[in-house]
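One structure, pasted below without further comment.
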Amino acid sequence: LLFHRIEKGKYKMLKATTVVALAVGLLFVSQCHGALQQGFYEGKCGFADVENIVGGVVTSRFFKDPTIVPALLRMQFHDCFVNGCDASILLDGINSEKTAIPNQSVRGYEIIDAAKAALEAACPGVVSCADIIAMATRDAVFLGRGGRYNVQTGRRDGLVSLAKNVDLPSPSISVSDSVKAFNRKRLNATDMVYLLGGHTVGIAHCSLFKNRLYNFQGTGNPDPTMDPFLVNKLRSKCPQNVTLDNTADLDQNPFSSLIVDNSYYRQILLRRGILQIDQELALDPVTKATVTATAGAYDFSTNFGQAMIKLGAVQVLTGTQGEIRKSCRAVNSQPA
């Protein structure tokens, strides 16, 4: 799907002047979702600012490896879309969610570990790993020039992580089935369109779209909805009888494929979508109008941020549910 085995494989370093421009990024205001709230940790960590601590870790890592933007977007999606946003994807174990095939190439765990270590040093046992994922992803999106949205916090960490629970939509899922999958998470079709906008900084491996280049649905021909020039370009990257799994940018505009913006939508309107689900978004009557409007609008960052807030509120644990892990990789030791 969506963020299924997809992440950015390259990224140019932002200039210092760009970073200054980021500092005036848009701040999005949103309503509370359930027990989550903005500023949940205010006054709970002494004089330390929880969100600034996480932001410092993410910023430091971004300038060493800017590909953390799609990596963290993907991590949050893969976490929230299984048991809800409970950090179950972070737990180690022989049968944990990490071991499921769609999650085996998820990365960015060391960023969450570093943020957790910094927070435990400042205020032990206060900040959940689930909240760290949400805050870190928000900061990465901001650094990727996607605007800044207000993360709601107050999540607790889950106690269960099982590979058998991982059932993520595939890249070839139909729009109607994808809408149903999102609806089960209380996300609507419009939320789905905006969240798929995360592909603006992603890549896809040839194995995820090769069927569209040579033998689409058993026809022996390429997918007729793909621009013929793109078909030829991708065939050079993904030869038919070669097992090497190369990658392609999901946003085929080379000038914006590294930025969290709405270029992805303009590309799929030009029939330059890489994944089948991406291209069908621009063709299906249920989603076409939203895609068209987003491609020509200036409010993508606002809408994307609000959709990320809704994603972050999926099936959360709050109050006395779950726990606050000492380590994001393991549940706390239970009393005998």
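The backbone N, Cα and C atoms fix where each Cβ goes, glycine too.
In case it helps, TrEMBL gives these features for our protein:
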{"type": "DOMAIN", "residues": "35-332", "note": "domain 'Plant heme peroxidase family profile'"}
{"type": "DISULFID", "residues": "CYS45-CYS123", "note": "disulfide bond"}
{"type": "ACT_SITE", "residues": "HIS78", "note": "active site, proton acceptor"}
{"type": "BINDING", "residues": "ASP79, VAL82, GLY84, ASP86, SER88, GLU97", "note": "Ca(2+) 1 binding site"}
{"type": "DISULFID", "residues": "CYS80-CYS85", "note": "disulfide bond"}
{"type": "DISULFID", "residues": "CYS129-CYS328", "note": "disulfide bond"}
{"type": "BINDING", "residues": "PRO169", "note": "substrate binding site"}
{"type": "BINDING", "residues": "HIS199", "note": "heme b binding site"}
{"type": "DISULFID", "residues": "CYS206-CYS238", "note": "disulfide bond"}
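Show me how these features fit into the structure around them.
Same-chain residues at least 6 positions away in sequence with a Cβ under 8 Å from that of CYS123 (disulfide bond) are, in sequence order, LYS44, CYS45, GLY46, ALA48, VAL50.
For HIS78 (active site, proton acceptor), other Cβ atoms within 10 Å of its Cβ number 24.
Cβ neighbours of SER88 (Ca(2+) 1 binding site) (same chain, under 8 Å, six or more residues apart in sequence): ASP79, VAL82, SER96, GLU97, GLY158, VAL160, SER161.
Close to CYS80 (disulfide bond) in the fold, though at least 6 residues off in sequence, lie LYS185, LEU311, GLY312, VAL314, GLN315, each with a CB less than 8 Å from its CB.
The Cβ of CYS129 (disulfide bond) has 29 neighbouring Cβ atoms from other residues within 10 Å, across all protein chains displayed.
There are 30 other Cβ atoms within 10 Å of the Cβ belonging to HIS199 (heme b binding site).
Residue environment of CYS238 (disulfide bond) contains 22 other Cβ atoms, counted within 10 Å of its Cβ in all protein chains.
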Most Cβ neighbours within 10 Å: which of the recorded positions CYS45, VAL82, CYS206, CYS328 is it?
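That would be VAL82, with the most Cβ atoms nearby.
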Could you tell me the C-alpha distance between CYS206 (disulfide bond) and ASP86 (Ca(2+) 1 binding site) in angstrom, no decimals?
31
Sequence gap of 6 or more, Cβ distance under 8 Å: name the residues on the same chain that satisfy this around ASP86 (Ca(2+) 1 binding site), in order along the sequence.
ASP79, ALA130, ARG155, ARG156, ASP157, GLY158, GLN315, VAL316, LEU317, GLY322
Just going by other Cβ atoms within 10 Å, which of the binding-site residues ASP79, GLU97 has the emptiest spot?
GLU97
Given the recorded positions HIS78, GLY84, CYS85, CYS238, find the one whose Cα is closest in space to the Cα of PRO169 (substrate binding site).
HIS78
In sequence order, which residues at least six apart in the same chain have a CB under 8 Å from the CB of GLY84 (Ca(2+) 1 binding site)?
GLY158, VAL314, GLN315, VAL316, LEU317
Can you figure out which of HIS199, CYS238, CYS328 (the recorded positions) comes closest in space to CYS85 (disulfide bond), comparing Cα atoms?
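Of all the candidates listed, CYS328 is nearest in space.
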